[in-house]
Amino acid sequence: MKGALGSPVAAAGAAMQETFGCVVANRFHQLLDDESDPFDILREAEHRRQQQLQRKRRDEAAAASGAGHRGGRSPAVASGHRPGAAGRRESQKERKSLAVSSAQQPDSPGGPQPPGQKRTPRRGEQQGWNDNRGTDVVLDRAERRSYREYRPYDTERQAESTAEKFTDEKPVDRFDRDRPLRGRGGPRGGLRNRGRGGPGNRAFDSFDQRGKRDFERYGSSDKANRMEDSMGGCGVRTWGSGKDTSDTEPPAPMEETSMMEECQGVLDEESASKVPELEVEEENQVQEMTLDEWKNLQEQTRPKPEFNIRKPESTVPSKAVVIHKSRYRDDIVKDDYEDESHVFRKAANDITSQLEINFGNLPRPGRGARGSTRGGRGRIRRTENYGPRAEVVTQDVAPNPDDPEDFPALA
């Protein structure tokens, strides 16, 4: 770390700290002298691990090949070491030579092959494991056609149908073949109308598609079949025989037809009588009228309200006596009332006509001259400023609210 303190990075950091007062870089100058790459360390560890695995596999292969020889080498050679070199490791060349010699031995046909030299199974063969011997068992099967090999759909189905017609065996081998008729849609990539219930399936109704039996369907229901069976036995609901029921049943339709004819005759008569009535009603209803006519019709049909109004008696009673005569003539009063009907009556104590009402303006308090002695706008107008106009300026006395003359009573 002493060398790190004198490094240019540390000097630059110190200069930055003095200049700006804030350093976000390596504060304690850690790992400044470390130039190794961490990925190199990981690669080296991985390489070491792979070498150990390879060495272990080679040792196991050498031990297995040494144990397979009959009366061959000594245990020192079988363990992978030469007898003269006990403390020295075996070289790579010696290991290779041991592996080649063990592979060329003719007296070990059942020995396991070294790793990396197994033969891939041929086409049509399958490898299985036998627990008794520990060797690979090869099972030959019939050669299949390639997965992507194109084959016309119609020709394939026709061949299968002809093959299954002449054989009584069940189609067990269909699980190993492609089954395009299984799902709702047809085969991938074309051939329309191959789905459920499509016309593509009608041509192949003769052969089994899913290994099941095809049942024939009839248009009649189960109830009809059961009725026929019971008729052959003891008749309908086990009463009488089939001949009895056949003899008694035909009159029923004749009675029904006669009833239907009577009902139709009654309906025709009713409809003929109703038709003119409907026509008359429609003629009465369809009448065009204006809005005024309709309103007048409504007013006529509307019930008028009746009020119990008491009427005055026009006859003068015989015992009536005139107490005093009126001061005004009736004709003058009527004329005045008709001409001045819009004028309201005045009370007897009304004195508003006797009052004198003046709308005079009171003198406004002045602001004073700008060039006043005290240098400011005055709020009170002084009389000395208006020498010749002193007689004009008159101030009325404010009205007294307690005085009835200033505030007359309003009726």
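Note that Cβ sites are derived from N, Cα and C of the backbone, with glycine treated the same way.
Among the ranges 42-62, 105-125, 231-251, 357-377, the one that Swiss-Prot lists as coiled coil is 42-62. The Cβ of Thr352 (phosphothreonine) lies under 8 Å from the Cβ of Pro408, each on the same chain and at least six residues away in sequence. Other Cβ atoms within 10 Å of the Cβ of Ser36 (phosphoserine) number 8 in total over all chains. DSSP assigns Ser36 (phosphoserine) to coil in the three-state reduction, outside any helix or strand.
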